Amino acid sequence: MKRGHVETFVPPPPQPQPQLNQSSSCEGKMMEDNNNNMDELLAVLGYKVRSSEMAEVAQKLEQLEMVLSNDDIGSSTNVLNDTVHYNPSDLSSWVETMLSELNNPDLDPTQDRSDYDLRAIPGLSAFQIKQEQEVEEESNKRIRLGVGSWSDPGTELTRSVVLVDSQETGVRLVHALVACAEAIQGENLSLADALVKRVGTLAATQAGAMGKVATYFAQGLARRIYHTTETTVNSTVVPAMEEVLQMHFYESCPYLKFAHFTANQAILEAVTTARGVHVIDLGLNQGMQWPALMQALAVRPGGPPFFRLTGIVPTQTDNSGSVQELGWKLAQFAQAIGVEFEFKSLAVESLSDLEPEMFETRPESETVILNSVFELHRVLSKSGSIEKLLTTVKAIKPSIVTVVEQEANHNGIVFLDRFNEALHYYSSLFDSLEDSYSLLSQDRVMSEVYLGRQILNVVAAEGSDRVERHETFTQWKGRLGSAGFDPVPLGSSAFKQASMLLSLFAGGDGYRVEENDGCLMLGWQTRPLITTSAWKLAGAAVSRR
Amino acid sequence: MSEKRIISIFKKGNKKRQRVKQVAKFCINDHHDILVEILRRLDGPSLCSAACVCRLWSAVARNDSIWEELCFRQVAPRPSLSLRSVVSALGGYRCLYFVCIRPVLARLPKLLWSRDQLQLSLSLYCVHYYERLYVGAWLSDAPPSSLMFLRKPVNVV
């Protein structure tokens with residue numbers, strides 16, 4: 001009568017709810033609690049269980065489960081509803097209370113149900129999730145990150161090993177990955193080596209998104225163990241390949257489209273009456289963002305402004321003349337729709353090399369806008385670069401700065417934290433790719449490769465090679481705030497457009513748009529994945545010129 | 001019957017024949033502008049059927065103003081006239097309807113069309129136009145198709 005998969009128990013929420021949701025998944029992220037006695041996995045969920053008590057707690061949970069499944073749901077739920085708990089995050093005492101209540105249903109509930117608070121975990125967004133719903137949803141999901149099964153015999157882990165029957169390969173896969181990362185963190189390379197091979201075999205047997213994610217992570221871990229490096233993991237080998245990959249990623253998922261359309265809307269709102277618009281794009285790529293903006297400017301009441309685009313490209317891609325061609329294509333497009341257009345490209349090694357003079361802004365006749373889609377985080381790889389870049393940005397006095405970044409903290413100092421964050425983040429991403437059944441398989445594969453390269457960079461690279469240094473909106477807010485920028489809330493137009501875009505995508509019920517503190521977050525299920533935000537110079541009025 | 005009676009019946013018959021002849025002189029196919037006005041009031045599927053009636057009607061149905069009406073019927077307020085030149089440059093309203101508006105309506109039949117929804121459709125249309133013409137010389141296998149997600153799964157092989 002034991003169920004096949006790992007289960008965790010959700011404590012009854014403050015409102016009276018019919019039954020205890022015994023669903024099988026929860027995020028298996030590990031965060032180092034300040035209090036080292038507490039089990040880290042459970043701490044992520046807000047449950048405080050001492051590592052030493054894990055075995056006991058597990059036993060009691062099993063008992064509880066048996067009692068509940070043996071009983072009539074009706075009779076026990078009344079008891080459960082009325083049971084009042086202090087501090088349900090202290091799992092051990094909670095289970096005690098539950099068991100005693102169920103065994104002695106006559107006891108009067110004397111304690112107050114305290115609001116359990118799922119601690120805001122740095123790295124998770126400010127999503128207000130209804131936890132039981134989340135768990136309910138996730139119980140049906142392919143990716144299951146479970147709790148508590150450390151079944152590796154040879155480990156030198158100091159916490160007590162709690163064996164839980166977990167037949168899900170996915171769960172074992174995740175645990176093996178995390179164990180391997182831990183081993184690397186602890187410089188135990190022989191163990192890590194063994195584990196990474198195990199992960200490889202497990203991943204091969206696991207179909208679906210989880211298997212693919214695990215493969216990439218295993219590859220990253222292997223690189224880390226064996227110190228294989230390419231010259232840069234963010235390899236300069238084939239820049240054109242990078243563009244192809246990104247193009248496929250653009251086509252197949254809504255993330256980049258969301259980024260572009262919401263940023264465009266923010267820009268539009270800032271230039272409603274400008275006679276000249278100068279957009280500086282920190283990452284030009286294929287320029288897919290700009291046709292839509294030009295069209296919107298073309299039909300603006302009052303006629304189109306003069307549109308000037310300065311695109312920044314990395315030095316490696318500048319050789320082939322493809323950038324000039326791109327500019328030419330954009331110019332043709334602009335001519336077709338009747339917008340005066342000027343194009344310039346700047347090739348720099350790194351964004352921090354930019355100087356204000358390079359842009360040749362004409363402040364008296366144009367409104368300057370800065371746009372950065374997934375570019376700012378790369379600058380964090382060298383210390384001091386971001387400050388220099390932001391100083392440069394301030395010097396060109398943009399009316400608005402649109403920033404789109406991944407919503408994850410992959411820039412923590414501790415490798416293990418980064419690893420766990422990344423595992424969680426990319427699992428969600430890959431899962432969203434999996435669900436869009438209308439994808440051409442080639443598109444999906446290319447998108448996965450594109451994301452896989454990011455994974456490799458996060459996991460295996462270090463120092464200035466590690467350019468995928470994603471940070472959360474809160475962190476960026478801090479950085480930009482201290483550099484002298486104030487947030488500009490994105491309007492409801494952007495939100496409506498984003499909602500419509502996402503509802504058009506197959507699998508669209510998995511995507512969510514949320515407005516959060518003036519920025520828009522696109523997420524999959526309950527996990528926010530990318531954030532669009534807009535900023536202006538502190539003290540400047542939002543010049544809707 | 002009396003003679004007068006017979007003659008009056010005969011005259012009546014003549015008049016009827018004459019009347020019928022006069023009515024038959026009008027043919028809708030001679031008046032394309034009226035045809036356009038009528039077609040403008042049709043909904044999508046009916047319009048597409050009408051365009052299949054005969055060559056003449058197919059040619060008349062290519063009149064972009066018919067499709068413009070179809071695209072913007074539910075949009076309030078009506079977009080400005082400057083949009084017309086832009087959309088024509090990008091391929092016309094008929095194309096816009098088939099590429100963007102119809103799939104959107106198929107996916108979201110209850111959508112309330114306002115400025116934002118229209119803006120999104122136009123953005124998607126721009127992306128489609130841009131990448132069809134300008135991007136993808138190097139994506140040799142298949143032309144880029146950012147709007148693939150709008151198509152029905154059955155069309156995606």
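Please read every residue number as a count from 1 along the shown chain.
Cβ from N, Cα, C; glycine included.
Range A:376-380 is the one annotated as motif 'LXXLL motif', of A:241-245, A:366-370, A:376-380, A:446-450 (source: TrEMBL). Model confidence over the region 'SAW' (A:460-536) stands at 88, taken as the mean pLDDT rounded to a whole number. Taken residue by residue, the motif 'VHIID' (A:277-281) breaks down under DSSP into 0 helix, 5 strand, 0 coil.
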